Amino acid sequence: MTRDRIKRFGEKGPARTRPKPPRPPAPETEMARRPDAPRTSAPRVPAGPDVASTNPRAFRRPAPDLMALYGFHAVREALRVRKRRLLDIYATKAAAQKLSADIEAAGLSVHIVEAEDLSRRLGANAVHQGVMLEARPFEPLDISDIESKSGVVLVLDQITDPHNVGAILRTAAAFRVDALVMTERHAPEMTGVLAKAASGGLEHVPIVHVVNLARALESLSDIGYLRVGLDSEGETTLTEAQLTRPLALVLGGEGKGLRRLTRENCDLVARLDMSGPIKSLNVSNACAVALTVAELRLAG
């Protein structure tokens with residue numbers, strides 16, 4: 001045997017020329033189940049909104065003229081209604097995809113952040129659902145700015161809890177209330193907490209802040225509103241009261257109810273007709289019942 005025919009240990013032999021057989025598709029795939037099926041491409045994933053950045057440090061500093069809206073419904077309604085100036089939106093990838101069409105329609109680019117970044121910006125107790133929108137406050141309104149559509153407004157007499165006012169706004173939006181009138185003092189600030197409780201209602205119901213509620217009630221009377229206060233000790237039930245449009249339903253603060261001057265500037269004070277042993281409700285629940293009764297009475 002010649003030397004060049006002896007393969008030394010460690011030397012590579014000639015390369016194989018026979019090709020490897022093709023790997024069969026996995027049993028669970030469509031091609032394995034149907035060998036004759038045509039090859040198809042993967043389903044197309046719809047594109048999301050334009051991404052402005054993925055930097056959590058892009059948050060603006062909190063400022064008096066800046067409102068941080070958070071929560072899916074609050075942000076979605078702000079994007080759709082667009083009655084205020086919208087600045088920046090921050091969202092997780094999942095939330096940005098869910099709100100993609102609304103973000104694009106509003107002409108915004110989204111900052112992609114992690115849920116933890118939003119929690120640090122808003123606070124650990126904020127239920128942000130992965131999205132926050134920075135916006136300007138609404139322009140201030142006056143009684144004369146109220147546009148009568150349903151012919152019903154709500155007047156709040158020093159209701160201070162933002163969750164109650166938010167729930168009232170949500171109910172007011174559901175009943176197409178024309179406006180909500182409240183005092184500048186002894187009232188909650190228009191914050192993300194209130195907007196989250198309103199679940200989008202803040203964008204639909206105009207809010208009129210007044211210095212003196214008694215004078216505001218006088219102004220409503222001057223333009224034809226029937227002013228009906230709600231109190232558990234009212235002289236008649238709301239169901240029995242003769243209601244007319246335009247109507248102003250006046251709700252008292254938690255615990256103390258209607259103040260003396262507020263009662264004196266109501267045309268009548270009515271109570272809700274409840275057959276059970278508990279004769280008082282949370283103010284936001286009382287508002288929902290009162291609007292239901294008023295709508296039925298006015299429709300009749």
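Backbone N, Cα and C atoms are what each Cβ position is placed from, and that goes for glycine too.
As recorded in TrEMBL:
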type     : residues : note
REGION   : 1-59     : region 'Disordered'
COMPBIAS : 1-14     : compositional bias 'Basic and acidic residues'
DOMAIN   : 68-141   : domain 'RNA 2-O ribose methyltransferase substrate binding'
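Taking DSSP states H, G and I as helix and E and B as strand, the domain 'RNA 2-O ribose methyltransferase substrate binding' (68-141) has 30 helix, 17 strand, 27 coil. Taken together, the residues of the domain 'RNA 2-O ribose methyltransferase substrate binding' (68-141) have an average pLDDT of 97.
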